[in-house]
């Protein structure tokens, strides 16, 4: 019996270990129950095929606002990466079915886990930044309809490239300093860097907090400020 489930991974030859799950993985399987195992494939298929369909549809149908179409396609690509991540998780769940505890440490420290974890981070961060950018772009067009605030092709393309580069940098920074981040993407079976407990490296915890909470609050602040300003700007016309 251990205090935390993750310690069971250090006892691969033990037949029974308590606690036998952390809510995601179990002693026997990477995904703890049948609901997770089924829905990881369902969500992966819907995410990938749905976003590919939107990209193809937007490519075939002519749009008046091509710059907005570029942003939507970019967002679909980012979301599609999350579907790819889920496909990998589902595939490794099948690979380790029934004997996950024997491979727990090797899996969480493997190159595959690190790569798909960084893929999920890239998808998450790029999606959030793209949604914020698209919201601000629409906000400027609605609140200032007669001003020249519309982004041109070069400006839109440069912004999208900058967002992807920034997302890539955020995803790979934990690989640069193992002393500060440790096994950043290998803290759980699905390789997603939540770092919600105090057993990890302080640098990893601070980085995760800054990325997932700091960026979220910053984006929410930008959006709330935009909405508040739009209401204030619209009052003279009411």
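Using N, Cα and C of the backbone, Cβ positions are placed for all residues, glycine too.
Feature annotation from TrEMBL assigns domain 'G-protein coupled receptors family 1 profile' to 50-238.
The transmembrane segment annotation in TrEMBL covers 34-54 (among others).
The transmembrane segment annotation in TrEMBL covers 75-94 (among others).
Per TrEMBL, the feature transmembrane segment maps to 114-136 (among others). Outside the transmembrane segment (114-136), and at least 6 residues removed from its termini, the chain residues within Cβ reach (under 8 Å) are 68, 71-72, 74-75, 78-79, 81-82, 84-85, 88-89, 159-160, 163-164, 166-168, 170-172, 174-175, 184-186, 191-193, 211, 215-216, 219, 222-223, 226.
Residues or ranges marked as transmembrane segment in TrEMBL: 157-176 (among others).
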Contacting positions for the transmembrane segment (157-176) when only residues 6+ beyond its ends and CB under 8 Å are counted: 70-71, 74, 78, 114, 118-119, 121-122, 125-126, 129-130, 133, 151, 184-185, 193, 204, 207, 211
Positions on the same chain near the transmembrane segment (34-54), where near means CB under 8 A and six or more residues out: 24, 72-73, 76-77, 79-80, 82-84, 86-87, 89-90, 93
The domain 'G-protein coupled receptors family 1 profile' (50-238) [mean pLDDT, rounded to integer]: 81
